[in-house]
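S.K.: Quick one: the structure is below, questions incoming.
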Amino acid sequence: MENRMVTPFDVEDDKEQYSLRPTTLKEYIGQKKVKANLDIFIKAAKKRNESLDHVLFYGPPGLGKTTLANIIANEMTGNLKVTSGPAIEKAGDLAAILTSLTDYDVLFIDEIHRLNRSIEEILYPAMEDYALDIVIGKGAAAKSIRLDLPKFTLIGATTRVGLLTSPLRDRFGMLCAMEFYTDEELMEIVVRSAAILNVNICREAAFEIGKRSRGTPRIANRLLKRVRDYCDVKHDGDIDLQGAKAALDLLEVDKEGLDKIDNKILEAIIFNFKGGPVGLETLAYFIGEELDTIEDVYEPYLIQKGFIMRTPRGRVASEKAYNHFGVTKKEEKDNQVSIFNK
């Protein structure tokens, strides 16, 4: 998965993308509802000279959760401290982070659903009362001391919101669902990024890159850089529609934004399991991927694009999936699925 051109996760090659990130809400493209709400909440907090209420961003990876955390810190004129659920192993780790914050700072915890439950409980008074409870001593001699914390904002990010405990989820004042971007929004992101990279690109080429980016800005920027490389070598450096298509075809990212692994999943359901239903564990074993990887990385896009459907009995290929491979689905009298070449 790490070598996939269309993986939504951050990879080593994406470091250049940090310079492409917008720093204000005005520059931010997409997520209109989230953006509109944040704009109001930030302005209201600044008007009252208060810290912003705690925010939870949830949705598939690569949709801008970290970028929005940076923007919130900038808008609130605070510092951003970044960590992740798995990185906070001990209560002392979290206590050290919390006591290092100042007013209006933003603490961003990625993969917050992976926080240890005992560590999570330390966050409860920190989020509600801006206080940290520390236990000194052991046994009968133990006593609790409460330390006041600065007025900070906690921003949590998760791809698995259902795994968050209710007590933690309920302490967030704002819950923001991150959605896949439209092709038009991704085109605008590609145009903006190309300008920052000093690359000339026509809007048709930018749209083609956006269309194949699986609704994800991180992928769009990654594909833009690879198309830039191709056009630097094969063309005069400018990116036109022909060059973009040739580069993307060479990268084996098809017109629907699917790569080899996506097609492998669809082929397995259609040709090996007669269109489904097939259980997720069986499917994961068959294609050699982790169950969580399929559920978190591949499925959201395939479902969003209408290629597969979730049912109580398992995953089922849609008519669109059959059309993608140029075959038709015919329901026989015994309800078995047969496949005929067109």
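In case you wondered, yes, glycine gets a Cβ from its N, Cα and C as well.
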S.K.: Write down the one residue from Arg171, Arg226, Arg228 that Swiss-Prot lists together with Leu20, Arg21, Gly62, Lys65, Thr66, Thr67, Glu128, Asp129, Tyr130, Tyr181, Arg218 as binding ATP.
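M.R.: Among Arg171, Arg226, Arg228, only Arg171 appears alongside Leu20, Arg21, Gly62, Lys65, Thr66, Thr67, Glu128, Asp129, Tyr130, Tyr181, Arg218 as ATP-binding in Swiss-Prot.
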S.K.: Of all the binding-site residues given, namely Glu128, Tyr130, Tyr181, which is spatially nearest to Arg315 (DNA binding site) at the Cα level?
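M.R.: That would be Tyr181, the closest of Glu128, Tyr130, Tyr181 to Arg315 (DNA binding site).
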S.K.: Indicate whether Gly62 (ATP binding site) is helix, strand or coil by DSSP.
M.R.: coil
S.K.: Sort out the sequence-distant neighbours of Tyr130 (ATP binding site) for me: same chain, 6+ apart, CB within less than 8 Å of its CB, listed by position.
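M.R.: Tyr130 (ATP binding site) has long-range Cβ partners Asp148, Leu149, Pro150, Lys151, Phe152.
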S.K.: Just the number: how many Å between the Cα atoms of Glu128 (ATP binding site) and Arg310 (DNA binding site)?
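M.R.: Given the Cα positions, Glu128 (ATP binding site) is 38 Å from Arg310 (DNA binding site).
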S.K.: Over the span of the region 'Small ATPAse domain (RuvB-S)' (182-252), count residues by DSSP class, listing helix, strand and coil in order.
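M.R.: Taking each residue of the region 'Small ATPAse domain (RuvB-S)' (182-252) in turn, the totals are 51 helix, 2 strand, 18 coil.
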S.K.: With an 8 Å cut-off on Cβ-Cβ distance and a minimum sequence separation of at least 6, pull the same-chain contacts of Leu20 (ATP binding site), or say none.
M.R.: Arg192, Ser193, Ile196, Leu197, Asn221
S.K.: So which of the binding-site residues is most packed in, judged by how many other Cβ atoms lie within 10 Å of its Cβ, out of Gly62, Thr66, Tyr181, Arg315?
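M.R.: Most Cβ neighbours within 10 Å: Gly62.
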